[in-house]
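The block underneath contains the structure these notes are about, expressed in structure tokens.
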Amino acid sequence: IVTAIACDHRLHTPMYFFLINLSVLDLGCISTTVPKAMANSLWDTRDISYSGCAAQIFFLFFLLGAEYSLLTVMAYDRYVAICKPLHYGTLLGSRACVHMAAAAWGSGFLCAVLHTANTFSLPLCQGNAVDQFFCEIPQILKLSCSDAYIREVGLLVFSSSFGFGCFVFIVVSYVKIFRAVLRIPSEQGWHKALSTCLPHLAVVSLFISTAMVAYLKPPSVSSPLLDLVVAVLYSVVPPAVNPLIYSMRNQELKDAL
């Protein structure tokens, strides 16, 4: 996807610039958790070093945080393209696009630094067995001493509130898009606008709902199977299906490929 967009000058538009960023983030998200889990399965081991665990948490929060911010930016891009087409070039010029992409990456980096530093400053006194296929903050908090994790829980609640705010922004953007689409007389125009918007909204909904369940649910409702399913739904499924939603359903990108 990145190569096709980079090599085809017809795709050098804001939407495809954001799609390149999303593709890189998706690749990074999958590479953070899945290869190590596969290696552990093949070699029949469950070991990971302390620094490797910290690196997993840092990169996962960095990439997922940046991806979610970028999905918010992409919702704004679709809103301007459909609801304010005459202002598209003004509102989403090359400099504005670079600034928005940089803000998305920067927000992910800040989120990752705060959570990683805070989590690994906690004293761990409940063993060293993380009951998950990758290092996940809720699983590490189970290993911390009794009251030491309250600060990290507060940070998780703040991050979740920010994520929910982004989700509200995305939903409002799509409500305005749907209202504009309903005024389009052409059935083909309806299909073209909704074929991208609805899958985008579905993936974002899946990501935010499962992530909030994973990080905010009380320990009393925790079970190994539930934790595993929820972790796969927020850390593996969105990066895996995003290329299909944004690329394989897109005729311009198919032609470029």
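Backbone N, Cα and C define each Cβ position, glycine as well.
TrEMBL labels come from automatic prediction, so no person has curated them.
These features come from TrEMBL:
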type: DOMAIN; residues: 1-246; note: domain 'G-protein coupled receptors family 1 profile'
type: TRANSMEM; residues: 15-34; note: transmembrane segment
type: TRANSMEM; residues: 54-76; note: transmembrane segment
type: TRANSMEM; residues: 97-117; note: transmembrane segment
type: TRANSMEM; residues: 153-175; note: transmembrane segment
type: TRANSMEM; residues: 196-216; note: transmembrane segment
type: TRANSMEM; residues: 228-246; note: transmembrane segment
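Remote same-chain residues near the transmembrane segment (196-216) are listed as 64, 68, 71, 74-75, 78, 136-138, 156-157, 159-160, 163-164, 167, 170-171, 174, 177-178, 181, 227, 230-231, 233-234, 237-238, 241-242, 245-246, 249-250 (criterion: CB distance under 8 Å, separation of at least six residues from the stretch ends).
Contact counts against the transmembrane segment (153-175), taken as Cβ pairs under 8 Å, peak for 54-76 among the stretches 54-76, 97-117, 228-246. Highlighted: of the candidate stretches 54-76, 97-117, 228-246, 54-76 has the greatest count of Cβ pairs under 8 Å to the transmembrane segment (15-34).
Per-residue confidence over the domain 'G-protein coupled receptors family 1 profile' (1-246) averages 85 (mean pLDDT, predicted model).
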